[in-house]
Amino acid sequence: MRVLVAMSGGVDSSVAAARMVADGHDVVGVHLALNRNPQAYRSGARGCCSLEDSLDARRVADTLGIPFYVWDLSERFAADVVDDFVAEYAAGRTPNPCLRCNEKIKFSAVLERGLALGFDAVATGHYARLDGEGEQARLWRAADAAKDQSYVLGVLTHAQLRRSLFPLYGTVKADVRAEAEALGLRTAHKPDSHDICFIPDGDTAGFLSRALGEREGDIVDTAGRVVGFHSGHHQFTVGQRRGLHLGVPAEDGQPRYVLGISPVTNTVTVGPQEGLAITRIDGIRPTWAVPKPRLGQWRGLVQVRAHGAPLPATIDADADTITVTLDEPAYGIAPGQAAVTYDGDLVVGASTIAAAR
Amino acid sequence: MRHYLDHAATSPLRPSALHAMTSAWSQIGNPSSQHTSGRAAHALLEDAREQLAEAVDAHPSEVIFTGGGTEADNMVVLGGATAGRSGGRPQVAVSAVEHPAVLAAAHALGAAAHILHVDTTGRVTEPSLAGLAPNTAWVSVMWVNNETGTIQPLASVVEAARRVGASVHSDAVQALPHLNVSFADSGLDAMTISAHKLGGPVGVGALIARRDAPLAPVSRGGEQERRLRSGTVPVALAAGFAAAAAETVAHRADESQRLAVLRARLVAGLEALPRVHVNGGEAVCPAIVNATFEGTRADDLLLMLDAAGVDASTGSACTAGVHQPSEVLLAMGRSEAEASASLRFSLGWTSTDADVDAVLVLLPDALVRARAAAKR
């Protein structure tokens with residue numbers, strides 16, 4: 001096959017590329033330039049889009065003896081991921097930009113461009129198992145549960161999955177590093193990236209304040225009493241406990257959490273943990289990782305954040321919406337995040353959380 | 001087998017140059033030293049200088065070896081501006097389509113730089129030449145454009161510069177391999193040439209400058225080259241440069257005709273493709289073809305040509321591995337989309353019919369795919 005490998009400059013995609021070469025595919029590496037000003041970033045260790053990362057990816061491609069190119073997708077990334085990220089926060093929701101990037105950039109813009117140019121598939125360094133070909137393609141959780149990234153791939157449609165390859169699926173991270181070391185790849189000991197790549201200093205609240213401006217508002221309790229002030233509702237996420245700086249102590253002496261965000265009134269509501277208990281999730285814009293939408297009512301698992309636990313649930317789906325009823329209450333479920341549904345370890349589909357109660 | 005169509009970026013090393021260097025590398029001694037070894041190295045350097053001077057129809061004392069074309073261009077724009085200021089002529093005028101070695105140096109001069117406009121074929125216009133300021137120290141207009149191959153109306157440039165009493169420089173890096181370049185007949189005060197564009201080694205070039213050219217040194221040091229360029233001259237590179245230049249010039253008339261035939265075939269093939277336009281007008285160097293492939297990204301075409309064994313280029317600047325829209329084509333009035341959808345194919349002494357065939361066979365399919373990919 002002719003395979004396009006998305007090479008971020010990290011160890012995972014480096015080994016993914018190496019394995020594609022070892023499997024005998026005709027491999028081309030492509031680094032996605034996503035940030036408009038990659039030189040601005042100091043270090044390659046904490047993002048996936050700096051100039052250093054691009055050079056690391058290029059040197060790995062040199063070592064593997066494969067062609068390598070940089071594709072400038074910064075305009076699309078800014079429009080589809082960064083602007084969306086800011087708009088979602090402005091609307092009081094909590095988006096997942098990595099998921100959005102997979103959906104709109106890696107497995108959409110890049111995949112489609114690659115297919116048009118004559119490639120058969122796009123490979124990435126994600127940890128997830130994809131087996132079966134064509135109609136039989138199915139996405140499963142990775143062997144390394146700690147690194148499993150099936151959640152951020154849950155937004156892919158079956159049509160996209162048919163053209164995707166995840167060569168790392170059966171490997172644990174330590175073995176990936178050892179393999180990179182044995183191959184002499186210079187990314188073997190590069191630290192993992194954890195932050196949002198376009199917020200390299202990790203200060204999401206500061207980034208949002210720069211993008212949206214600061215506007216003072218009230219923090220209220222569930223009875224509507226003002227218990228504090230904030231400088232912009234976008235600095236909060238449902239389920240957040242730290243950094244509330246409340247002036248009035250809770251009557252029951254228990255910690256308080258962000259229960260809700262109202263962008264219209266610029267109000268953040270806080271309350272005890274019980275107020276976060278969720279048993280029902282309404283999802284919109286469902287996508288399906290399986291060939292046919294699994295409509296109607298069925299038993300399965302749902303995951304609502306990147307490193308969250310799978311929660312047993314009853315799922316009720318139609319063409320436009322999904323309703324998830326959890327067996328046990330869950331806490332800190334934020335609108336805007338994706339609810340990815342599983343059948344055991346099989347990824348079934350995803351939808352965006354519109355409401356949770 | 002690969003097809004190399006990027007001679008304007010760098011041309012394969014000629015065996016004559018390799019041979020000249022191989023013998024020169026074994027000569028110990030700094031050419032500035034007074035002892036026997038130094039004198040031997042100096043003799044080799046002066047042999048190279050004389051050979052190169054003959055190849056460009058200049059006097060040996062007019063040859064200033066440099067680290068390459070970029071350094072020679074900088075010496076004129078920056079050093080010429082310095083000399084001009086002390087002589088009451090602070091302005092330097094350069095064309096809008098100059099190589100970055102001239103253009104970026106001019107931009108570094110700020111308000112002292114004047115940009116000469118070009119027409120849609122990339123040639124400097126008569127009105128822009130007529131508008132030269134009387135306090136202009138130097139005018140720099142390239143002989144042949146490195147991206148489009150357009151030949152500039154040098155005689156007009158020289159005449160316009162003379163009218164205001166300015167000195168004239170031309171970057172002849174792309175001209176020397178293919179056109180009849182005579183420094184003596186050109187009317188120029190200075191001219192830049194480079195070794196590796198004609199089959200010599202990378203890392204050496206020369207500024208050919210009249211003895212009375214108003215220049216000041218840009219970098220300081222031992223003033224080895226006519227007190228204008230400091231640093232030990234790499235004797236072996238100079239020997240390789242001279243050998244390659246001599247061989248180039250000896251066969252240039254026939255070779256240019258041969259390449260003109262190849263170019264004509266490539267141009268005809270390109271123009272037969274839908275929505276493909278060849279840039280640069282009629283007065284074009286026989287070695288360079290620049291074409292706009294409407295509705296594509298140049299990067300996508302290059303990827304597919306590369307995969308199929310063809311080395312081509314956009315000819316324009318690359319930032320962090322991403323091609324930028326060609327400043328040359330933008331200056332010629334093309335849109336940003338057009339300037340991002342253009343490729344350069346450049347020929348040289350190793351080019352064959354098979355190279356042109358390879359491009360013409362591959363392009364129709366690559367074009368369809370690149371247009372589909374650009375819509376994604």
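Cβ coordinates are placed from backbone N, Cα and C, and glycine is handled just like the others.
TrEMBL annotations: computationally assigned, not manually curated.
For A:CYS101 (active site, nucleophile), the same-chain residues that are 6 or more apart in sequence and have a Cβ closer than 8 Å to its Cβ are A:LEU34, A:PHE77, A:VAL81. According to TrEMBL, the feature active site, nucleophile maps to A:CYS101.
A:CYS197 (active site, cysteine persulfide intermediate) carries neither a helix nor a strand DSSP state and counts as coil. Taken from TrEMBL, the feature active site, cysteine persulfide intermediate covers A:CYS197.
For A:ALA6, A:MET7, A:SER8, A:GLY9, A:GLY10, A:VAL11, A:ASP12, A:SER13, A:LEU32, A:GLY125, the entry in TrEMBL reads ATP binding site. DSSP classifies A:SER8 (ATP binding site) as coil under the three-state reduction.
If you look up TrEMBL, you'll see A:207-271 marked as domain 'tRNA-specific 2-thiouridylase MnmA-like central'.
Confidence in the domain 'tRNA-specific 2-thiouridylase MnmA-like C-terminal' (A:285-353), given as mean pLDDT, stands at 95. Sequence annotations record features per position, and here TrEMBL assigns domain 'tRNA-specific 2-thiouridylase MnmA-like C-terminal' to A:285-353.
Shown in sequence order, A:ASP12, A:GLN149, A:VAL152, A:LEU153, A:PHE166, A:LEU168 are the residues of the chain, 6+ apart in sequence, with a C-beta less than 8 angstroms from the C-beta of A:HIS126 (site 'Interaction with tRNA'). Per TrEMBL, site 'Interaction with tRNA' is recorded for A:HIS126 (among others).
If you look up TrEMBL, you'll see A:GLN337 (among others) marked as site 'Interaction with tRNA'. DSSP gives A:GLN337 (site 'Interaction with tRNA') a coil state; it is part of no helix or strand. Annotation for A:GLN337 (site 'Interaction with tRNA'): same-chain Cβ neighbours under 8 Å, separated by at least 6 residues, are A:THR94, A:PRO95, A:ASN96, A:VAL304, A:ARG305, A:THR352, A:ILE353.
In this structure the residues listed as binding ATP are A:ALA6, A:MET7, A:SER8, A:GLY9, A:GLY10, A:VAL11, A:ASP12, A:SER13, A:LEU32, A:GLY125; their two most distant Cα atoms lie 16 Å apart. Residue pair A:SER8 (ATP binding site) / A:CYS197 (active site, cysteine persulfide intermediate) shows a Cα separation of 11 Å. In this structure, the C-alpha atom of A:ALA6 (ATP binding site) lies 15 angstrom from that of A:CYS197 (active site, cysteine persulfide intermediate). Checking the recorded positions A:ALA6, A:ASP12, A:LEU32, A:HIS126 against chain B with a Cβ-Cβ cut-off under 8 Å leaves nothing. All chains included, 24 other C-beta atoms sit within 10 angstroms of the C-beta of A:GLY10 (ATP binding site). Between A:LEU32 (ATP binding site) and A:CYS197 (active site, cysteine persulfide intermediate), the C-alpha separation comes to 12 Å. On the backbone, the CA of A:CYS197 (active site, cysteine persulfide intermediate) and the CA of A:GLY10 (ATP binding site) stand 13 Å apart.
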